[in-house]
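Here is what TrEMBL records for this protein:
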REGION    26-54  region 'Disordered'
COMPBIAS  28-47  compositional bias 'Low complexity'
REPEAT    65-98  repeat 'TPR'
DOMAIN    152-215  domain 'PEGA'
REGION    211-241  region 'Disordered'
COMPBIAS  221-240  compositional bias 'Pro residues'
TRANSMEM  328-348  transmembrane segment
Amino acid sequence: MRISRISLALCAAAWTSGVSPLGGTLTAQAQDASPADATPAPADAAGGDQGIPRREATEEEIDLARQTARDGLAAYKISDYTKALTLFEKARGLYPSAQIVRMTGYSHLAVQHWAEAVEALEAALASQLGPLSEDDRNDVEDQLAKALTHFGRVTVTTSVKGATVVIDDDPPRPLPLSGPIRLPEGGHSVVVRAPGHLDAKDDIVVEGGKEEEITLDPRPTAAPPPPPPKSKPVAPPPDPGFQGVKIFPAQREIGIAAAGTGVALGAAALVTALAGADLRRTVEGDVAAHEQSYGPNCAQGDYRLCTFDRAVINNDADRADTLRDTSMWLGISGGALFAVGTTLFLLAPDGPLAKKPAHVGLRCGPLVGGVSCAGAF
């Protein structure tokens with residue numbers, strides 16, 4: 001891209017003569033003004049410089065910006081647009097006069113930076129820091145029109161209240177829009193969002209120089225299902241009470257048999273103990289009679305009879321001891337069997353400790369003149 005020969009000639013003459021393309025004449029800005037008045041008021045520029053508070057540039061910054069812009073113009077003349085863009089951006093950062101911003105836009109346009117070119121050219125037209133002449137404004141407007149051919153205008157509408165639109169990675173814009181959105185040509189993602197709705201998305205292709213209108217209506221999200229009705233609390237079943245402990249089948253009957261066997265063994269132990277006690281009394285009487293008849297150690301009477309009598313007494317004494325031991329073991333065994341049998345009987349599901357379920361019984365029979373019913377409830 002090239003600017004008009006007249007514009008280039010004017011810029012070259014401005015940077016090499018006493019007129020400053022940075023805004024006004026050198027005489028007005030640098031040669032005759034005091035350092036405090038050498039710099040114009042901050043720019044009221046558009047685009048990247050609009051509304052940004054700037055300190056006043058010093059005389060050294062103005063001279064450096066002027067020299068940098070001259071170098072950029074030299075690079076621009078030989079079509080080294082990338083170098084020219086770098087130098088003009090540097091000069092713009094020091095002192096964004098209309099002419100420097102203008103040449104920055106031209107350089108962006110030459111390297112096909114369409115969005116940056118539009119921003120810079122619009123800023124140059126709006127800048128009050130060394131405003132452009134009429135011829136320069138016309139030239140900038142021509143170049144701006146060329147850059148805008150690479151942009152389309154898109155209008156987004158929706159019927160959902162409170163919706164916003166997000167284009168690519170830009171911040172959300174509230175709908176309805178105040179006007180069409182200017183977008184560079186090519187593909188773009190358009191998303192319309194609204195609270196309580198699903199995003200509505202459309203991928204569009206913007207054509208340069210054309211306008212397009214799209215309508216996106218987000219669908220409401222499905223309402224959550226209503227909570228299930230609260231069920232009434234169910235009263236716990238009544239405590240059935242002790243139902244017994246089932247250890248093995250026929251537990252109740254076996255317990256009765258075991259307890260009965262224990263009672264029988266206890267009775268046998270009692271009889272055996274009584275017999276043993278009676279025999280022990282007999283042995284004690286025989287011992288007393290033996291000592292009276294034969295004396296101690298068979299010292300009197302017939303020795304053979306004394307020895308025989310002693311053997312008979314000892315035998316009876318052994319029998320008495322056996323009966324005593326037998327009665328003791330019979331008593332222990334009987335007591336254990338009685339305790340186990342009683343426990344099995346009491347703990348059985350059909351034992352006396354288990355709570356019986358209520359039974360409803362009803363019996364009816366004829367009576368004279370009617371029917372009689374009786375039962376348990």
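Including glycine, each Cβ sits where the backbone N, Cα and C put it.
Looking at the repeat 'TPR' (65-98) alone, the prediction's average pLDDT is 92. Taking H, G and I as helix, E and B as strand and the rest as coil, DSSP gives the compositional bias 'Pro residues' (221-240) the counts 0 helix, 0 strand, 20 coil. The domain 'PEGA' (152-215): residue composition by secondary structure is 0 helix, 37 strand, 27 coil, according to DSSP.
Residues in the repeat 'TPR' (65-98) partition by DSSP class (helix H, G, I; strand E, B; coil) as 28 helix, 0 strand, 6 coil.
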